[in-house]
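Student: Quick one: the structure is below, questions incoming.
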């Protein structure tokens with residue numbers, strides 16, 4: 001191995017981590033790369049699959065909230081018919097259900113994810129059968145090496161004699177068949193995706209929604225930060241502009257708004273805690289139950305009724321210091337009422353100032369524009385709006401208020417580019433140096449091996465065996481799980497800090513970052529170390545000195561790592577898919593929240609009614625990794641193909657169930673399938689890596705005759721691989737050139753009907769025939785009345801319903817028939833959001849009603865409707881929606 005000091009720069013740091021990992025990996029390799037280990041892994045995961053699936057069969061009819069929330073928690077138009085309750089009677093009904101139901105009930109993003117899994121089935125099942133028929137006999141009859149079991153069926157088993165070297169023709173042919181079959185499927189599915197996306201965009205339900213006609217524009221120069229000027233620019237588009245929302249520098253108003261939300265939640269929690277304390281004291285006999293003497297519910301009761309049950313020393317209190325447990329101690333309920341009342345007045349005062357003061361609260365570099373027609377919004381998103389660089393270049397169509405990241409709205413384009421560059425630099429560094437924490441986990445998992453090779457660590461051998469077993473067995477697993485959990489969180493934070501102004505945009509950005517990590521770290525890096533621990537340091541130092549050697553080194557390493565990935569795919573396919581059905585984490589979290597966190601009616605409602613959704617930024621890259629592994633080993637270790645096909649089959653079944661009955665993809669986060677297009681392009685990364693590796697294997701292949709003479713033996717095969725690579729590059733270019741624009745554009749040829757219909761309705765964003773489905777897909781506001789909204793919005797005149805931009809000299813223009821909610825939809829929530837009603841339980845002692853009365857007396861909005869408290873002191877609610885939180 002070359003000396004350590006020959007390596008410089010970042011490679012030295014990576015090598016240092018790998019040198020530390022070397023001893024642990026060497027020890028582990030003795031047993032990990034064996035057929036028996038793979039079989040044991042398959043058996044173990046099969047047992048786990050059987051157990052988890054039995055859990056699902058038993059629990060499914062009993063826990064509807066966890067296993068079938070979409071049958072009753074979503075809007076009626078998107079609810080799905082419940083499955084039969086019998087143990088196995090549901091299977092035929094569910095299996096026969098077409099995946100197109102997902103498109104109708106859960107949107108295009110969900111459908112295209114399942115479509116991606118189905119595409120992988122179409123790709124790998126035929127190749128699985130073909131490769132096992134053709135390649136496994138060819139490799140199994142090889143004479144190179146002493147591999148047995150699964151190791152008999154890898155490319156490196158091809159013998160060295162000139163006659164046996166001719167067998168390289170077989171993997172070449174299968175590679176061509178696989179590649180062309182994959183490209184055909186990509187082309188076919190992309191065509192289907194584009195067609196479905198276009199149909200979704202121009203459907204009457206979507207095309208007439210306000211979301212379809214709204215564009216977010218950032219990087220607007222100061223001279224154009226005027227409603228009048230933006231209207232002048234974009235009124236040239238078909239149908240003109242219906243509404244412009246300028247984003248303002250609101251200074252401390254958002255903080256005041258958030259602070260009020262915080263104290264409202266704290267007041268609800270304190271009042272509910274007081275009620276539960278009263279129930280406990282009465283149950284213990286420390287307070288007398290006087291509930292029989294309470295007046296009717298419609299009669300105001302004594303505001304101090306709580307004092308009859310709870311002594312002052314047991315009332316909820318907190319300290320006002322910024323440091324926890326420091327500062328003045330106050331009664332939480334009394335203090336919160338006064339603080340919320342003070343904040344209400346302060347917020348209203350700030351809003352009044354903002355409405356007329358454009359000098360101290362100026363517009364800032366971004367705006368939402370609602371057009372009268374859908375095609376105008378898409379034309380605005382595609383048109384070059386400004387003649388100077390970086391001005392108004394970031395435009396986002398299909399904007400939704402619930403999708404906005406307000407903190408990123410007013411970032412100037414130069415700052416965003418710098419942030420993006422820094423974010424990607426950190427991401428790349430993280431991808432490269434992730435080996436360091438993983439290496440540390442490897443060290444912990446093999447303390448015995450490390451201590452044996454490092455005398456100064458011999459003291460570790462004196463640790464009691466039980467403790468040592470826990471450290472080596474449990475701790476590494478926990479640490480690795482924590483690392484894998486923290487990585488997506490950190491990458492998502494980088495996407496957010498890069499200035500992406502929408503949550504769906506952040507998930508799209510995260511998809512690219514996490515896919516890069518999966519391909520580099522979890523495929524390339526693991527390929528090098530699995531089965532090759534003894535040579536890993538040699539690989540790293542050779543690549544550091546001669547980067548051009550990387551394909552050859554990877555080509556040598558990849559066949560040896562196939563058994564590791566067999567175990568990995570078995571884990572993903574069996575245990576992973578079973579966990580999708582069992583939903584044990586969701587079940588556990590639900591009941592933990594129910595018993596520990598259900599402290600207020602609002603929290604109880606959200607625990608019982610909130611439906612979970614997919615994290616697209618991490619979900620697609622997880623499937624990308626399996627695709628890349630399958631692609632990488634398709635001819636080098638064909639036995640992997642069967643495992644990959646079976647894994648995608650199980651995932652297809654699992655996610656089909658989840659997107660039909662469990663996951664709810666919210667309209668605000670709907671991208672109309674854009675995640676699918678990115679996932680397709682990530683396939684090419686794995687395909688290029690695999691083809692380069694196979695080409696390197698062919699060019700490096702040497703035959704050896706009886707006399708020991710060596711000669712290059714697979715030059716023609718290598719040449720054909722070069723031709724195939726050129727074909728793939730050409731196809732890749734063609735795919736991008738033909739489909740890239742269509743992924744985000746709305747063709748004029750598809751919009752004639754919808755545009756004319758909108759104009760016939762006077763440009764209105766709603767028609768009388770819109771259903772509740774449209775209500776969910778359309779914009780929603782904060783629930784203010786038109787007069788209240790007008791008085792709160794910047795530059796508006798409430799008396800006559802006109803909007804005036806006084807600072808920029810705009811003349812009044814009349815509203816265009818928008819609903820009250822849409823009028824205020826794209827102003828910052830702190831400008832229009834009312835104080836969330838204090839929602840208290842209606843208990844038998846009357847403490848909740850007294851709290852409501854006291855809150856109203858202090859000028860706060862409060863209610864106890866649709867709530868109750870059981871004899872055990874548990875809060876219940878039958879409300880359709882929480883007060884102050886209208887359903888989308």
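The backbone N, Cα and C atoms fix where each Cβ goes, glycine too.
TrEMBL labels come from automatic prediction, so no person has curated them.
Here's the feature list from TrEMBL:
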| type | residues | note |
| --- | --- | --- |
| SIGNAL | 1-25 | signal peptide |
| TRANSMEM | 35-59 | transmembrane segment |
| DOMAIN | 38-186 | domain 'CSC1/OSCA1-like N-terminal transmembrane' |
| TRANSMEM | 121-142 | transmembrane segment |
| TRANSMEM | 168-186 | transmembrane segment |
| DOMAIN | 213-408 | domain 'CSC1/OSCA1-like cytosolic' |
| DOMAIN | 419-698 | domain 'CSC1/OSCA1-like 7TM region' |
| TRANSMEM | 421-447 | transmembrane segment |
| TRANSMEM | 467-494 | transmembrane segment |
| TRANSMEM | 563-592 | transmembrane segment |
| TRANSMEM | 613-636 | transmembrane segment |
| TRANSMEM | 642-663 | transmembrane segment |
| TRANSMEM | 683-702 | transmembrane segment |
| TRANSMEM | 714-735 | transmembrane segment |
| DOMAIN | 819-883 | domain '10TM putative phosphate transporter extracellular tail' |
| REGION | 865-888 | region 'Disordered' |
Student: Count the CB pairs under 8 A between the transmembrane segment (714-735) and each of 35-59, 121-142, 168-186, 642-663, then give me the winner.
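Tutor: By the under-8 Å Cβ criterion, the transmembrane segment (714-735) pairs most with 168-186.
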Student: Other than its close neighbours in sequence, what residues sit by the transmembrane segment (563-592), given a CB gap under 8 Å and a spacing of at least six beyond its ends?
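Tutor: Contacts of the transmembrane segment (563-592) (Cβ under 8 Å, skipping residues fewer than 6 from its ends): 32-35, 37-38, 41-42, 45-46, 48-53, 55-56, 59, 63, 65-67, 150-151, 526-527, 530-531, 607, 612, 626, 629, 633, 639-640, 643-644, 646-647, 650-651, 653-655, 657-658, 662.
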Student: When each of 421-447, 613-636, 642-663, 683-702 is checked against the transmembrane segment (121-142) for Cβ pairs under 8 Å, which one has the most?
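Tutor: It is 642-663 that shares the most Cβ pairs under 8 Å with the transmembrane segment (121-142).
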Student: Please work out which recorded stretch in 421-447, 642-663, 683-702 has the most C-beta pairs separated by under 8 angstroms from the transmembrane segment (613-636)?
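Tutor: By Cβ pairs under 8 Å, 683-702 leads among 421-447, 642-663, 683-702.
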